[in-house]
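Everything below concerns the one structure shown next.
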Amino acid sequence: MLTFLAIITVAYLIGSIPTSIIAGRMLKGIDIREFGSGNAGGTNAFRVLGWKAGLAVTLIDIAKGTIAAVPVVAFFKAHPLGAFPDMNEIALNLIAGMSAVIGHVFTVFAGFKGGKGVSTAAGMLIGIAPISMLMVIGVFILAITLTRYVSVGSILAAIAFPLIIAIRKYLFDLGTGLDYHFFGKWLVHDSLDYHLLIFGGIVAAAIIYTHRANIKRLFSGTENRLTFGRRS
């Protein structure tokens, strides 16, 4: 139990690092939540701080999810604080990753007012199911290219993930996943564990929930399209 609590606590604290708020303070001396969409995420960093800062914020937020889901669990597996949790390891990876997502949305370092969690959730799933996530990223980029609405890309990508896992696992009969090797050595495991379907559905529901205001603006025609380096 102590090891499990340590994993989710460390993962939550990693997710809580308020990347865009730190960037806003460092680059312009502002609280980014008072500008643009008012959100402390990568998309608003693109709008308010410019594309370079927005890209850096997004990549760091992605890394938070990946680190929390995979290296943190691996570290405590090698150095447990007592017994290691007796549960499916992919499920544990997902729980750790979701702890980071919760930390990003409800950051303890910024009054529990963070971002929407899309980049951190993506990072979690990149670490666990990288090939499926490459396909999801393709959906995300295509949706933004066609609509210039990041919210549309985020929602469609979130819905696409469990669908892609289900198609690869059951339609193409790929089992629990594949190991990809480089020069005869293990490189990365691309999981298709059934827990991904469950958590993928949870993540999709959470992303849709955190974008409920965006959905209302989309229907009313007032949603912000993606721009770079402008305050709106």
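Each Cβ is built from the backbone N, Cα and C atoms, and glycine gets one as well.
What Swiss-Prot lists as transmembrane segment is 4-24, 56-76, 90-110, 124-144, 147-167, 191-211, and the listing cites sequence analysis.
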Of the listed stretches 4-24, 56-76, 90-110, 147-167, the one with the highest count of C-beta pairs below 8 angstroms to the transmembrane segment (191-211) is 147-167
Long-range CB partners for the transmembrane segment (90-110) (under 8 A, at least six residues beyond its ends), listed in sequence order, are 4, 7-9, 11-18, 21, 40, 61, 64-65, 67-70, 72-73, 116-117, 119-121, 123-125, 127-128, 191, 193, 195-196, 199, 202-203, 206, 210
